[in-house]
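Trainee: What Swiss-Prot records for this protein is below:
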type	residues	note
TRANSMEM	30-50	transmembrane segment
TRANSMEM	59-79	transmembrane segment
TRANSMEM	104-124	transmembrane segment
TRANSMEM	127-147	transmembrane segment
TRANSMEM	155-175	transmembrane segment
TRANSMEM	181-201	transmembrane segment
TRANSMEM	222-242	transmembrane segment
TRANSMEM	243-263	transmembrane segment
TRANSMEM	283-303	transmembrane segment
Amino acid sequence: MNPSNPAASAPHSRAPSRFAQFYALTKPRVVQLIVFCALIGMVLAVPHVPTWPEVKLALIACAGIWLVAGAAAAFNCIVEQRIDARMRRTAWRPTAKGELSNPLTLAFSAALCAAGSVILYVWVNPLTMWLTFATFVGYAVVYTVILKPLTPQNIVIGGASGAMPPVLGWAAMTGTVGPEALILFLIIFLWTPPHFWALALYRVEDYRKSGLPMLPVTHGNEFTRLQVFLYTLVLFAACLMPFVFKMSGWLYLVVAVVLSVGFSWHAWRLWRSYSDALARKTFRFSLIHLSVLFAALLLDHYLV
């Protein structure tokens, strides 16, 4: 999932402990959402109430995915250390403040990635390990190092790595990647641009100072607002796919329609008349949209 979430962590009011500094590097709230989406993939991959061995497998897989996701977040902090220091939203991070050295942070990232990869390979399955490692490379290297400073479409192309968690979860439980997992991938992939660009709209000065070619900086406010609205319409259609392809029932469909109408309505208002407050509301609703959508999919799977 994408690290742009400003709620991913919060500045400390006093000098944090060394443990707190390392923990902050993993962007814990972002990782929690990643693991939640992976868990949705795991649950949907099992057509019945999970047995204890399946529950144990899911817990082990969540631990491995959490470690590798945390490693990617820590690596991101190294690459974007100078950029983070120039942005109010990220200037508090331990690497940006110089509280943790780059070699130490790199060693921490490598240790997390290695531990998570071993857990997934030995106790889950090799496919999940390789897919998770590919996601690490996609986010930490392809997105952060190459795409983010190169193109305003960075979040669209790089969003593929952020959309992988349900696929990882599905692979963990089945050893394969089914079409249902790809539908979940598509939903997150299409959700990411309007989610991120809503944030970038009201943080545009931060991104301008950073020198990153984000869409509101390169193409302007009005163009970005239109893109946010258009993406919510395409996302609306994608959110109906679990029902169309028999992955869910009417409970999910009703929730998906309500959430999608709500997201598109926020985006339409933002497109028609801009304010930072509306952009912030749209961003926050996007978080509600994805979390509640997947929770509804989970409830529908077991209760209906």
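Heads up, the Cβ atoms here are built off N, Cα and C, so glycines get one too.
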Trainee: Apart from its near flanks, which chain residues at least 6 from the ends of the transmembrane segment (243-263) lie with a Cβ under 8 angstroms of it?
Mentor: 44, 179-180, 183, 194, 232, 235-236, 282, 285-286, 288-289, 292-293, 296-297, 299-301, 303-304
Trainee: Which range wins on Cβ pairs under 8 Å with the transmembrane segment (104-124): 30-50, 59-79, 155-175?
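Mentor: The listed stretch sharing the most Cβ pairs with the transmembrane segment (104-124) is 59-79.
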Trainee: Which listed range (59-79, 127-147, 283-303) shows the maximal number of Cβ pairs under 8 Å with respect to the transmembrane segment (155-175)?
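Mentor: When the Cβ pairs under 8 Å are tallied, 127-147 comes out ahead.
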Trainee: Considering pairs 6 or more residues apart, do the transmembrane segment (181-201) and the transmembrane segment (127-147) have at least three CB pairs under 8 Å?
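Mentor: No, the transmembrane segment (181-201) and the transmembrane segment (127-147) are not in contact.
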Trainee: Take a look at 30-50, 59-79, 222-242 and tell me which one has the most Cβ pairs under 8 Å to the transmembrane segment (283-303).
Mentor: 30-50
Trainee: Give the nonlocal contacts of the transmembrane segment (127-147) in its own chain as ranges (CB under 8 Å, at least six residues past its ends).
Mentor: 61, 64-65, 68-69, 71-72, 75-76, 79-80, 113, 116-117, 120-121, 153-154, 157-158, 160-162, 164, 167-168, 171-172, 175-177
